[in-house]
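Q: So TrEMBL says this about it:
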type     : residues                    : note
SITE     : Asn9                        : site 'Discriminates between blocked and unblocked aminoacyl-tRNA'
BINDING  : Tyr14, Tyr64, Asn66, Asn112 : tRNA binding site
ACT_SITE : His19                       : active site, proton acceptor
SITE     : Asp91                       : site 'Stabilizes the basic form of H active site to accept a proton'
REGION   : 185-231                     : region 'Disordered'
Amino acid sequence: MILLIGLGNPGAQYAQNRHNAGFHAVEEIHGAHDFGPERSKFRGALAEGRVGSCRAFTLRPDTYYNDSGTAVLAASQFYKIPLDDIIVFHDEIDLAPGKVRVKKGGGLAGNNGLRSIAAHLGPDFWRVRIGIGHPGHKDKVMPYVLGNFSKAERTDYYDDLLERMARSLPLLMPRDEAAVGRFQSAVMQPPAAPKPREGDDPPPAATPPTSRNRPSAPASPFDALKSLKGD
């Protein structure tokens, strides 16, 4: 049994924020796997389902980002889920946009949501860090993370990243070093070019050079002299 936590802020005004990447990941997991509808429980939105052969719960805390630990503690105690079976999805400004890294425990990198969970349960839970990039100066961090993903960001990388992350999640279920490597490789694999459908016209073949389109050879100095003499 595993508990999948998505960090974010509740409410329509935050729904598309970069800081809600954890919520977005959990929503994508619902669509990619066999989950029932969310219900209000443990100060959050809880859903039950399966990831591969593993029974799973997802939780999106309604406590706001910085107090997520209270909801995670309540759910983990009720279902008796140890830290090793808790995976937290969150935005990461110290990773380039489109990068995903998984680690267990370690520092909290100034993330108040992780700090709240660590304060209530301890730090040795799994984290799936979703890169959103850094705005360049610490004074710009707050408006940046509370800003929405642009249409270009969603089209260029973000929507595809969420889909690959959700689809590849069963690879992470063993939760060991090899599983982390397989999951990260699958998530970072760029999507293959679409195959042509039956009935589509084949791509045009390259046109070989002909006497009409082949560039003419540059005139030699002797040709230039001939033209001056009138020969």
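Heads up, the Cβ atoms here are built off N, Cα and C, so glycines get one too.
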Q: Distance check, please: Cα of Asn112 (tRNA binding site) against Cα of the residue listed as 'active site, proton acceptor', rounded to an integer number of angstrom.
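A: That comes out at 12 Å between the alpha carbons.
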Q: Can you list the residues of the same chain, besides Tyr14, Tyr64, Asn66, Asn112, whose Cβ falls within 8 Å of the tRNA site's Cβ centroid?
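A: What remains near the Cβ centre is Asn9, His19, Thr63, Tyr65, Asp67, Ser68, Gly113.
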Q: Out of Asn9, His19, Asp91, point to the one nearest Asn66 (tRNA binding site) in space (Cα versus Cα); all of them are recorded positions in the record.
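A: Going through Asn9, His19, Asp91 one by one, the closest to Asn66 (tRNA binding site) is Asn9.
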Q: Would you find the one among the recorded positions Asn9, Asn66, Asn112 whose Cβ has the most company, meaning other Cβ atoms within 10 Å?
A: Asn9
Q: Specify the nearest of the recorded positions His19, Tyr64, Asp91 to Asn9 (site 'Discriminates between blocked and unblocked aminoacyl-tRNA'), where nearness means the distance between Cα atoms.
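A: That would be Tyr64, nearest by Cα distance.
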Q: Where does Asn9 (site 'Discriminates between blocked and unblocked aminoacyl-tRNA') sit in the DSSP three-state scheme?
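A: Once the DSSP labels are grouped into three classes, Asn9 (site 'Discriminates between blocked and unblocked aminoacyl-tRNA') ends up as coil.
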Q: Counting distance between Cα atoms, which of the recorded positions Tyr14, His19, Tyr64 is nearest Asp91 (site 'Stabilizes the basic form of H active site to accept a proton')?
A: His19
Q: Quick check: in three-state DSSP terms, what is the residue listed as 'active site, proton acceptor'?
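A: Its secondary structure by DSSP: helix.
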Q: TRNA site residues Tyr14, Tyr64, Asn66, Asn112: biggest Cα-Cα distance, Å?
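A: About 17 Å separates the two most distant Cα atoms.
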Q: If you draw a 10 Å sphere on the Cβ of Asp91 (site 'Stabilizes the basic form of H active site to accept a proton'), how many other Cβ atoms land inside?
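A: Taking all protein chains shown, Asp91 (site 'Stabilizes the basic form of H active site to accept a proton') has 25 Cβ neighbours within 10 Å.
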